[in-house]
């Protein structure tokens, strides 16, 4: 094992990376409120794990979506637990994200030289809200249907480009199969990919610049 480790150490400098992680200075003013971002990340990872598990049973069609969710809740082994954890961790993620934004704003974490860190955080907040909207539509129940219909109908008030925007979001003039397909693709692939990219950018900048000071 030592020879294997030495082989990787020679090429990747694993010990130097480990030393950098474990020896990072933590300012004395840091308290539990500075953990809100990390809790949000934890909720996201739980979302990914539980969401991936449900993709084995969920069927993204207007005729089978609701029935597949019922199957997850009543028939699949521990399906009720997985979906419940997914649902509650989603709510927790939104709450922690909001509290994190307030903490950063109130402690001046958006000021120079951390403007880009703040901007990536704002993008992550928008992506988090988008997760909520797209995920809400997937069970294809009455609440999800009307929520999507109302949200996607908002751009219709914009002159000239309103109707094309609505059709772009829905995939057609009305909420139907094309809407569910688009929202499912966004929820399970596009949004997780974008969130991962912006999270990496966000944490790398925090790592580089350090934790912001107190007011």
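Residue positions begin at 1 at the first shown residue.
Just so it is clear, glycine is given a Cβ too, placed from its N, Cα and C backbone atoms.
Residues 88-106 are the range that TrEMBL records as transmembrane segment, among 69-87, 88-106, 145-163.
Looking only at the binding-site residues 35, 86, 187, the one with its C-alpha closest to residue 100 (heme b 1 binding site) is 35. 32-58 is the stretch from 32-58, 118-138, 184-206 with the greatest number of Cβ pairs below 8 Å to the transmembrane segment (88-106). Only residues 6 or more beyond the boundaries of the transmembrane segment (118-138), in the same chain, are considered here, and those with a CB under 8 A from a CB of the stretch are 40, 47, 58, 60, 65, 69, 90, 93-94, 97, 100-101, 104, 109-110, 144-145, 147-148, 151, 179-180, 183-184, 186-187, 191, 194-195, 198-199, 201-202, 205.
When the Cα atoms are compared, residue 35 (heme c binding site) and residue 202 (heme b 1 binding site) turn out to be 15 Å apart.
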